[in-house]
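Here is the structure we will look at, set down as structure tokens.
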């Protein structure tokens, strides 16, 4: 039943009906006073979500486009950067930096394990000549479900003086990313994640220190030149033609988030993570990440004695639930349950129930009902 | 009456209800078989619209993002390029090329006048060392309503051997842009124009000759690296997270365009241009462009003895019609009527009628009814 499709992937995430209907309104002119009011309102909402007074700029781009903007605007060819790489997205930013002629040093961890903040600390402390211009970290690694310890890493970066550039694509709106408190210099994210919107918008928050670096940075840029966005944003305008219907949706989604409140949103995501993990344990399905380093947005499972792709195929076919597979070398080895954005307790129970039914069908050794019981207990805790 | 708003600007353009409703559907996974089918279908539709067998790639970006991709993927730092500059957008591409370190030679014409193909021919013929790597031309200059003679310019470029890179943002879907027939190497466009969609998607069509240049080109790129898009498009996939709801809308819009047929679409735009121009003449309002160089998408008017901005303000306030103002040094000197995309004969009559009523209110010397009579005659011719 195609119209019954239920997304439990880490993006696109489910979108509330009132957001979809807002997006179905007739477009208005992007140079009108009415649109300026929308820009002003959503910018304020974005600052609230980022827990910052900094500029938050809105691009017609995916999360990758936002992240590229958040890197190339602050650096020059040959600049040395440390890039945390413990999954597909961390590695993507290393490749992106190399494509732009930066001198990249990777700080790696095995996929599924968190980055070690001590490694950053050692490299930064050794860099007395201050050659490291930026440190790039993926907060929630979407490909593995790992939450990296951004807070600790950012403390070392702050002491050193390099820029702290953050991919918060699947952490923003799922867990606290307090830009000002943690001294983050750039946060990039995308609309199809915690924002409860379809894909199409990228967001880039920029600190005053990053703007200082901007004025010296020499990598070429035009469409992704954040200075152009800042200049127009100051007038509640946009340098190019923004996706106005996505802005209609953003306006509604941010209002919904503000009505729920940041603490409640984070608690909900944490509850869903805990319940999902409890269910997997009860179902005898090995989790791919430790409890200490698990993302509140995505739970990755590495099944043994049963095929990840077989589980995904049946859960899709029989129950119209889409779960994500593994990427790159993890293809076929893990499956990923997204619990990010517009997800309710009921959705978690539903997904666990469907998964349990599939395991029974596959004759996987599992105590009937154990997953749903464990999830329900965790949800009510 | 805000909900009665009628857009007569050159973008965003009006969007059909069935397109808006398609965009309001719940998103699906962008790595699913169902989404691959949509990519395959819309790609075929885009090739039909571009009259080409070449690759047509879809980006989450505005028209400027698409145009940047269509330039930086085929060139290296220091490459010499000729850029036609006779309006805001032509000039934008010159600035973009300079931002990327290209050696730019502008071929200029006064804003409101067309580029002279003979100037391109002279420069290209003189370049026996073949140092000119690309010629960049804006087909329909949105800021002035001029249609440049792309066909003649492209003939000179073809003889020379440089790449012909085209901004067709407001010409594609309004007039014929036969990529293969004219030997164009790159065509960039955006969804909020002839496509009858909201803003949010950029399109880049690429010739085999441009792909050859791609393999040698050294400007840095990642998010806008068209090779990544080509590789995934071959598998009916996308390198990043595409705006899936915009794709739902694109699927419907292309079906509507195919049902109308290319020749009918072009004839409709030509009819609306002719009727709008006839009405302006009958209303004693000076046209900003000649009949020989007028865009079928936008008519710019340079009123005398009456303020352009006053006309715009009253037509907006009393009749809920949005017309565009002038940009840069033309601000306050012209107003622009968009007749691009989802526009019917009735819309033209309506806009002319409203304009006429405003002129009477402003005591501008005009024969009552003359504009509507002239438009109606041109529409039925």
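For all residues, glycine too, the Cβ spot is worked out from N, Cα and C.
Features reported for this protein in TrEMBL:
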BINDING   B:336  substrate binding site
DOMAIN    B:10-327  domain 'Aminotransferase class V'
MOD_RES   B:193  N6-(pyridoxal phosphate)lysine
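Sequence-distant neighbours of the residue listed as 'N6-(pyridoxal phosphate)lysine': residues of the same chain at least 6 apart with a C-beta under 8 Å from its C-beta are B:10, B:11, B:13, B:63, B:169, B:170, B:172, B:173, B:174, B:297, B:340, B:341. Note on the domain 'Aminotransferase class V' (B:10-327): mean pLDDT across this stretch is 98. In the three-state DSSP reading, residue B:193 (N6-(pyridoxal phosphate)lysine) counts as coil. Residues within less than 8 Å, Cβ to Cβ, of the residue listed as 'substrate binding site' and separated from it by at least 6 positions along the same chain comprise B:9, B:10, B:145, B:298, B:299, B:300, B:301, B:323, B:324, B:325, B:326. Secondary structure from DSSP puts residue B:336 (substrate binding site) in a beta strand.
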